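Have a look at the structure below, then the notes.
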Amino acid sequence: MLRLDYHPAGRHFLQIPGPSPVPDCILRAMSYPTIDHRGPEFAELGLKVIDGIKQIFKTQHPVVIYPASGTGAWEAALVNTLSPGDTVLMYETGHFATLWKKMAENLGLNPEFIGLPGIEGWRRGVQADQIEARLRQDSGHTIKAVCVVHNETSTGVTSDIASVRKAMDAAGHPALLLVDTISGLASADYRHDEWGVDVTVSGSQKGLMLPPGISFNALSPKALEASKTARLPRAFWGWDEIVEMNKTGYWPYTPSTNLLYGLSEALDMILGEGLDNVFIRHNRLAEACRIAVRAWGLEIQCADPAVYSPVLTGVMTPEGIDADQLRKTIYERFDMSLGTGLGKMKGRMYRIGHLGDCNDLTLMATLTGCEMGMQIAGMKLAGSGVSAAMDYLVSQRVPFNR
Ligand SMILES: *Cc1c(COP(=O)(O)O)cnc(C)c1O
């Protein structure tokens with residue numbers, strides 16, 4: 001039974017890699033009264049959040065905001081740029097890449113899914129040389145888009161998008177580059193313009209620290225051009241009308257006014273801390289988390305240190321330990337939610353989110369809950385991950401501006 005009136009003492013620890021905990025000031029901002037979305041004050045809000053979110057994507061070009069979850073923005077990226085039967089090259093990094101590919105099939109596209117075989121592909125990032133080799137074979141340019149996931153939330157792997165751009169340029173191939181950074185934005189370094197991405201897809205409930213409910217398409221001039229001839233049916237997702245009305249701070253239909261109040265507050269927080277400081281904080285907490293996992297004697301899901309995720313860490317459980325049973329124990333004993341193993345990793349790993357509104361003590365409490373839970377589950381740990389993470393955090397100088 002769902003009991004929203006049940007209030008155990010202390011805060012619930014929502015340590016899944018999205019939705020991430022929503023800071024109190026964002027919740028308060030969202031409680032302002034809803035205003036007329038065609039009235040004069042609205043434009044001020046609209047223009048502010050559109051300008052601010054461009055800074056987060058690092059783009060000079062339009063960013064479309066949808067009243068939808070990330071999945072909607074995935075669909076928008078495809079239907080605005082492609083035509084029925086188009087071949088798209090998609091790269092298997094994990095569960096989310098697989099879901100995006102399924103969506104492409106459902107929309108009548110012809111996705112070609114490449115990657116490393118088996119579990120191996122779920123432990124490493126996008127191999128840009130594979131993309132380059134495939135594009136070089138495609139001399140007739142039948143491939144219309146390359147789709148990759150930047151931060152693969154199911155595994156804790158952050159792929160190198162600049163290397164994908166380089167591979168496409170090296171092959172001299174004109175395909176569009178579509179990137180999902182739904183869980184990477186505002187936690188991991190991301191550069192829409194510099195990396196030559198044509199459509200970047202993101203969402204609200206991960207690094208942006210908002211509740212679920214709004215999502216984004218950052219565009220390039222080439223993507224806007226492609227949208228003029230793309231023939232997949234689209235109505236709600238169509239960019240043209242939204243981009244046009246956004247110039248004055250409005251939307252063609254009712255936007256999620258209260259989530260935009262939240263976005264305005266989140267932008268103040270993130271840009272106030274400074275994007276670079278936000279990334280340093282995430283990298284540091286992620287490193288502390290990995291140090292803990294190693295001290296426990298457990299394996300990190302990501303097998304390539306060059307692409308460790310600053311957003312989350314996948315922890316593989318040893319043979320005979322059901323990761324979901326362990327998560328259940330931790331939830332029931334310590335009121336903490338950890339991410340489940342998805343797809344190919346079901347029951348074999350759990351995911352620790354350390355994104356968004358997370359600091360040293362949030363992470364330490366999280367690791368403590370994991371360590372106690374694993375002790376209760378009877379796991380033989382090599383050592384204390386909590387101690388190891390503490391030593392690391394203590395030894396680090398931090399750029400707090402307080
Ligand atoms: C969360 C997530 C999605 C799905 O977004 P929804 O908001 O749940 O629709 C897609 N891709 C990645 C990488 C994600 O982390």
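Using the three backbone atoms N, Cα and C, a Cβ is placed for every residue, glycine included.
Record features, source TrEMBL:
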- R351: substrate binding site (BINDING)
- 39-293: domain 'Aminotransferase class V' (DOMAIN)
- K206: N6-(pyridoxal phosphate)lysine (MOD_RES)
Task: Euclidean distance between Cα atoms of K206 (N6-(pyridoxal phosphate)lysine) and R351 (substrate binding site), Å - done: 14
Task: Residue among the recorded positions K206, R351 whose Cβ has the most other Cβ atoms within 10 Å - done: K206
Task: Segment-level pLDDT (mean, integer) for the domain 'Aminotransferase class V' (39-293) - done: 98
TODO: Would you mind pulling the DSSP three-state label for K206 (N6-(pyridoxal phosphate)lysine)?
DONE: coil
TODO: Using DSSP with the three-state reduction, classify R351 (substrate binding site) as helix, strand or coil.
DONE: strand
